[in-house]
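Engineer: Before we start, here is the structure in question, set down as structure tokens.
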Amino acid sequence: MSKSPLHLLFLLFFLVLCSQSYSSRLPSISSITSSSSSSSSSDLVSDGVNELQEPSYLHLNTLSSFSAPEEESCEQSYGFLPCTTTALGNLFLIIVYGYLMFLAAKYLSTGSELLLEILGPGIVGGLFLPALGALPDAMLILVSGLAGSAEVAQSQVSVGMGLLAGSTVMLLTLIWGTCVIVGKCDLQDSVAIDSQDTKGFSLTESGVSTDIWTSYAARIMVISVVPFLIVQLPQMLNSTSGRHLAVLIALIVSVSMFITYCLYQVFQPWIQRRKLAFVKHKHVIFGFLRHLKQQTLGRLLTENGEPDKEIIEKLFSRIDVNKDGLLSASELRALIVGIQFDEIDLDHDDAVDKIMNDFDTSRDSHVDSNEFGNGIIRWLSQVQGSRTGRGDDGPHTMKYLHNFHQETKREHDLLDVGEQSDEVVEGVEEGKGVLIKAILFLLLGTAIAAAFADPLVDVVHNFSNATKIPAFFISFIALPLATNSSEAVSAIIFASRDKRKTASLTFSELYGAVTMNNVLCLSVFLALVYLRGLVWNFSSEVLVILVVTVVMGVMGSFRTAFPLWTSLVALLLYPFSLVLVYVLDYVFGWS
């Protein structure tokens, strides 16, 4: 990280030198032409040889040498950044500008992580940071449609669509598949065993598993493709009159979905905590009933499978130490001192509070015999109804408790695996220093993205003209490497830790990045098309986005375990996408 600013300064210095060396040649040419013309026109003194003419070959060479650069001239970005008309020159500039956009994405990502560490995942994490992650892509899309006249914008806007499609496809194919490969662990009962990789490259017994929140993120990603369907509807109906209106409707829907997604990100931590608290409550039910079963040395259920009220009354009398017919919090705490609550970090005071909240229906801070009996009956009914018992369960309470415990344990694994820690930054001064550092990273990343987005779009278009390669394919392959490579490297390194928690966070971030592409970046693109009156002719590109997003989204929505064979599906979708666009555009003429 410490070397990156030095690299940036070096590149900027190099670009300025290139621009000066390039522009320094042009004045010399103009000065020569002006001096020659002035000398010929101001020849006032005759020396007797003014009839002599300059040799014709010199005159022709001079004209040809000066006229060639004018025909092959290029326009410098901002009037000083270098430009070229050759393929190799534009390729070099794509690499340079792409590296600068990579730095912008890297600084934005670093600043976002620091800011999230300080301020938490609430409003900042939900409203501010998701937009920052998509800022480089959105900036490139924006400048691709703002250049020059509507005709020029129409020719260059394919760069923005190529970036949008390429980012989505790369995140869900190359990066997704690589994360499965580098993060694979042994799979047992559809759950990855942390840091255990003994199955090698088994296609079915090795892979990764995630939590339920990752499945929710995949479902949201699938829903986010709705604006693509709306804007594509007139083309599917072979209608030309409603295309402009369809773009406007898709723009409104896309902006609305962006706002909704940000609000969901704001409230998601609260929803996650509520669901996790409910699962912890079920752990208390299991631990308490198991403890009561051990205390009674008998059955809590009769031969008919009904709660045994006589045993429950005996339990109440045993717990009621002072024999006043009421159970206090201290008496309940004395009962559950020996209870071990598996898989959760729950102290006995929290367990007492949960029991009191469930049993004390009169809210008098005591539990009488009726409340105790009704509470036990409710909990036993919940245990019996949680999962269909086997035929030999009968009155055997432990059979039901075992089933209930297995179900609760699985729910806890799905919910708690990606839980964020509630650590806070220690020390006010340290927190201020980290905050200032985060803001500087964000400002630097934003400035670089804003400054070099337009030059990058120009050189991609120039490279397309020089090589006759469609700009879409250049931007589809090259630009996502610049804007998403930092995120890709971080995701792959994070996934390689072979932990369920890191796998869940990695795939959630990938799904979230694609969702932001589909709502924020698409909103910018649709706004350009609508406000500048451009033609929407991206049917093949939209189809590729739909196919890849729906296939990977549906697979991530309905399963939490991903064997190694799923990575092959993801990786093969990348070349399939390129071939599909080529066939649809250049064989069937969709564009």
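Residue numbers in this text run from 1 along the chain shown.
Backbone N, Cα and C atoms are what each Cβ position is placed from, and that goes for glycine too.
For reference, TrEMBL lists these features for the protein:
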SIGNAL    1-23  signal peptide
TRANSMEM  79-102  transmembrane segment
TRANSMEM  114-135  transmembrane segment
TRANSMEM  155-182  transmembrane segment
TRANSMEM  216-233  transmembrane segment
TRANSMEM  245-267  transmembrane segment
DOMAIN    307-342  domain 'EF-hand'
DOMAIN    347-382  domain 'EF-hand'
TRANSMEM  434-453  transmembrane segment
TRANSMEM  473-495  transmembrane segment
TRANSMEM  507-528  transmembrane segment
TRANSMEM  534-555  transmembrane segment
TRANSMEM  562-584  transmembrane segment
Engineer: Would you mind giving the whole-number mean pLDDT across the domain 'EF-hand' (347-382)?
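Structural biologist: Averaging the confidence scores along the domain 'EF-hand' (347-382) gives 79.
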Engineer: Under a criterion of three or more Cβ pairs within a distance under 8 Å and sequence separation of at least 6, are the transmembrane segment (245-267) and the transmembrane segment (434-453) in contact?
Structural biologist: no
Engineer: Please work out which recorded stretch in 79-102, 473-495, 507-528 has the most C-beta pairs separated by under 8 angstroms from the transmembrane segment (216-233)?
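Structural biologist: Answer is 507-528, with the largest number of Cβ pairs below 8 Å.
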Engineer: Check for me, if you would, whether the transmembrane segment (534-555) reaches the transmembrane segment (434-453) - at least 3 Cβ pairs under 8 Å, residues 6 or more apart in sequence.
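Structural biologist: As far as Cβ distances go (cut-off 8 Å, pairs 6 or more apart), the transmembrane segment (534-555) and the transmembrane segment (434-453) do not touch.
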Engineer: How many helix, strand and coil residues does the domain 'EF-hand' (347-382) contain under DSSP?
Structural biologist: 26 helix, 2 strand, 8 coil
Engineer: Please work out which recorded stretch in 155-182, 473-495, 507-528 has the most C-beta pairs separated by under 8 angstroms from the transmembrane segment (79-102)?
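Structural biologist: Counting Cβ pairs under 8 Å, the winner is 473-495.
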Engineer: Counting Cβ pairs under 8 Å to the transmembrane segment (473-495), which of 155-182, 434-453, 507-528 comes out on top?
Structural biologist: 155-182
Engineer: Residue counts in helix (H, G, I), strand (E, B) and coil for the domain 'EF-hand' (307-342), per DSSP?
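Structural biologist: Result for the domain 'EF-hand' (307-342), in helix, strand, coil order: 19 helix, 3 strand, 14 coil.
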